[in-house]
Every structure is written in structure tokens, then in C-alpha cells.
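Peer 1: Structure below; questions to follow.
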Amino acid sequence: MTDLPDSTRWQLWIVAFGFFMQSLDTTIVNTALPSMAQSLGESPLHMHMVIVSYVLTVAVMLPASGWLADKVGVRNIFFTAIVLFTLGSLFCALSGTLNELLLARALQGVGGAMMVPVGRLTVMKIVPREQYMAAMTFVTLPGQVGPLLGPALGGLLVEYASWHWIFLINIPVGIIGAIATLLLMPNYTMQTWRFDLSGFLLLAVGMAVLTLALDGSKGTGLSPLAIAGLVAVGVVALVLYLLHARNNNRALFSLKLFRTRTFSLGLAGSFAGRIGSGMLPFMTPVFLQIGLGFSPFHAGLMMIPMVLGSMGMKRIVVQVVNRFGYRRVLVATTLGLSLVTLLFMTTALLGWYYVLPFVLFLQGMVNSTRFSSMNTLTLKDLPDNLASSGNSLLSMIMQLSMSIGVTIAGLLLGLFGSQHVSVDSGTTQTVFMYTWLSMALIIALPAFIFARVPNDTHQNVAISRRKRSAQ
């Protein structure tokens, strides 16, 4: 990339900065949830909605981001994304109630949904094709650093300042990023097709109301009748989308995608798999603080080995899949993650705290292997004309399943805790023990889906090579 013009390098820095903001925000909040609950006068059992409101909004808005960038221009949409994200951060810091915080997090989610996909699109437009891989490696590196710094930085700010600062630090950074975007980034546009607004609204309504219904009376305080109504609305919306997309060449996501068996299995496995693994980044710091009495900063530091294990495993995951095949790797890592989850709970409750960093490092390795294998399996056999649509659907499903996972984790805590989780409660560790046992079972269930994946090692070799050349 040394031969790129200075203006292009600055534009890549802006995109990298956006990736960092978005990735940092996905992890920095987790460590602060118990302190937020105390400050807002809420039960810690309700605080999972702070994460769900953000991730669910990202899932809902993702399908529209690429079309908006092509229609309005990448600079205008990227600038809007940074502004919305920064305003959402300000409103989060100013929130005096949980409901205000949830609305502000949803605003943040709108910005976050546009930031990363539009950033990728920007790189495609400003960098020559032969340098695309190097450019994407450069801009995504800060996105990998964000999860590494987020938990510890969040714990540090909570312990020595207040939880408000995990949002306030975004404001000066966001202002600088917005100004740099206006001054330095070109506003590329493309000829667009007619956006499938009907399909978008049906999917958005279906995803949102079903997630809210899942949270149920434990989180949102809804009556059984209201929950039943939400379920009915959500199911009807999704059925209407299926009818709408059938034989519709302009549908948001074509049903032709599901004619590819590996895509169907991979998407189903990714959805179910990320529900289980999506619980872990939320539950781990909460358990360390409320269940074991760790300080916010200590709990944040404990998350670093998990991120390091995940980053380190990415270098050899292709060789692992080539050697053993998708089916064996996915079944083994799914069951392995369930066992590591049980190991974490056991060592924590036994008081073997010095072992926890090693267990979390192992958890990161197993999870990373499974994620990479799921992603590649899902997309590897799609025809070229469906690859972009399949990738967008996978990205949406990833966010949706993580929001559902966090929702279920909060539901389990509420179910076993009966609203009595606190540091002084003698039943706290028992509540967490039952929750972690349930999580381990949920994490293991996708193994039944992955067991149906064809196990063709030679095919995996060819696909892995193609994957590496495309990155």
C-alpha cells in the first residue's frame, strides 16, 4: 500500500477509525452493566437489554446500509453513521432511566449498522482490486484491537470514573471522524435498483417483535396476552416475507439462496450457534462481578485472554479445516465450547481463579475456530450472482442471533434468580450455576445441525484456498 496516494491512505485511516469505534462499543459496555444497574436503580437482570437494543438495531438496519450508500453516496452515509453513533453516545451518557438508555443505544445501533458495511464498500471503491486484500487487512486491524481493549477500558472507566465515560469518550473521537470524513472522503455513488421496502419492513418487524416477545415478562414486563400478540405479529410478518420473496427477483433476500444445501445448513448452524456463544461475552463479566465479587477493572482484564485466543487461532483455522473437514471441526468445536463453558463455571465456583485466564484463552480459541468454519461453510458454494445477497443475510443473522442469545441469558438469570441477584445474596452463585448449565446445553445443541454437513476434506482444501485468495 506504500504506492497509494496520500489522500487514499487518509481515507483508509478514516474507515479503520470507524471499524475501531464500532468494535470497541460492542465490548466496552459489557463490563459496565452492573454499575449501570446500580446507578439507574435497576435489577442487573434487566441490563441485558442495553446490549440487545444495540445489536438488534444493527441486525434490522444492516440490509439497508449498502443500498443507501450506493444511492446517497459513501461519504454522506459514512458521515451520517458517525454522527448518529456519536449522538447516540451522548444521549447514552445523559440517560437517567433504563428506557432512555435503551432508546439511545438503538440510535447508536443505526449508526453502527451503517459504519462497517459502508466502510468495506468504500475500500472497494478507492483501492485498486490487486491491493484490496492489503487494504482490508489494514482497516480491519483496529476492529480486532477494539474487542481486546473494550472490556478492560470499560472496567477501568467504571472503577475510576463512572459508567457515563464509556460513552463520553466517543464524542471527541466522533467529531474528529465526522470532520475528516467530510473533508477527505469522496462521495462515490452507483446506479441503484428499487429497494425492497416491503420486504425490509416485514423482516424488521418480524425480528424486532419476536425478540421482544422472547424477553417476555421477565425483561419487558409484558402480560402473557401481550407476549402472545407479539409472537403472532412476528410469525405473520415472517410468513408474509416468505410469500413476498417467492418468485420475486427484487426481494431483499432471494429464497434461491436456500437451494444450496451448505448455505442452508451453515445459516441454520450459524443462527443456533451464535445464540449460545452470544451469551458468553455478556454473562462472563456479569458473573465475575456479581457472582464472584471481582472489581469492574479486574473483570475486564479477565476478558483479554479470550480475545487473544480468538485472534491467535485465526492463523491456523484453515489448516485445521483442511485436515479434518467441516463436519468434524464444527461438531467438535461446538461440543468443545460447551465443555469449556462448564469448565469455566466449575473452576470459578471452586475458587481456582488463577486457572480462569487459561480457560478463557481456550474458550476464545474454540469459539474462533467455530466462527470461521461456520462463515466459510455458509458462503462457499453459493453462485456468484447470489454471493453478495448471501453474505448480507449471514451478517444480519449473526447480529440477530447474538441479540437473541443475550436475551435468553437474561431470561435464564431472571428465571433462576427470581429478581434476587445481588452481591450479598447467598443464592447468587447457585443462580449463576444453573444459568451456566443451561447455557452449556444451548451451546451444544447446534452439533445436531453440523452433524448433517457433508464431510469432504478434498473439497475443503480447494475452498479454503479460494477463501484465502479472496480475502
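Keep in mind that glycine also has a Cβ here, set from the backbone N, Cα and C atoms.
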Peer 1: With the domain names in Swiss-Prot as our guide, do Asp196 and Gly417 land on the same side of the membrane?
Peer 2: yes
Peer 1: Mind checking how the topological domain 'Periplasmic' (246-262) divides into helix, strand and coil residues in DSSP?
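Peer 2: Going by DSSP assignments, the topological domain 'Periplasmic' (246-262) contains 7 helix, 0 strand, 10 coil.
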Peer 1: Using Cβ atoms only, state whether the transmembrane segment (396-416) and the transmembrane segment (102-124) have three or more pairs under 8 Å that are 6 or more apart in sequence.
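Peer 2: The transmembrane segment (102-124) and the transmembrane segment (396-416): touching, no.
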Peer 1: With Cβ-Cβ distances below 8 Å as the criterion, list the same-chain residues six or more beyond the ends of the topological domain 'Cytoplasmic' (98-101) that contact it, or say none.
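Peer 2: Sequence-remote neighbours of the topological domain 'Cytoplasmic' (98-101) are 36, 40, 42, 46-47, 49-50, 91-92.
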Peer 1: With pairs restricted to those 6 or more apart in sequence, evaluate whether the transmembrane segment (286-306) and the transmembrane segment (197-217) have 3+ C-beta pairs under 8 Å.
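Peer 2: These two segments do not touch.
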Peer 1: Below 8 angstroms Cβ to Cβ, which residues of this chain, lying six or more residues outside the transmembrane segment (342-362), approach it?
Peer 2: 284, 287-288, 291-292, 302-303, 305-306, 308-309, 429, 432-433, 436-437, 440
Peer 1: Would you kindly list the residues that approach the transmembrane segment (431-451) from elsewhere in its chain, counting only those six or more residues past its ends and only Cβ-Cβ distances under 8 Å?
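Peer 2: Non-local partners: 265, 268-269, 272-273, 275-277, 279-280, 283, 287, 290-291, 326-327, 330-331, 334-335, 337-339, 341-342, 344-345, 349, 408-409, 412-413, 416-417, 420-421, 425.
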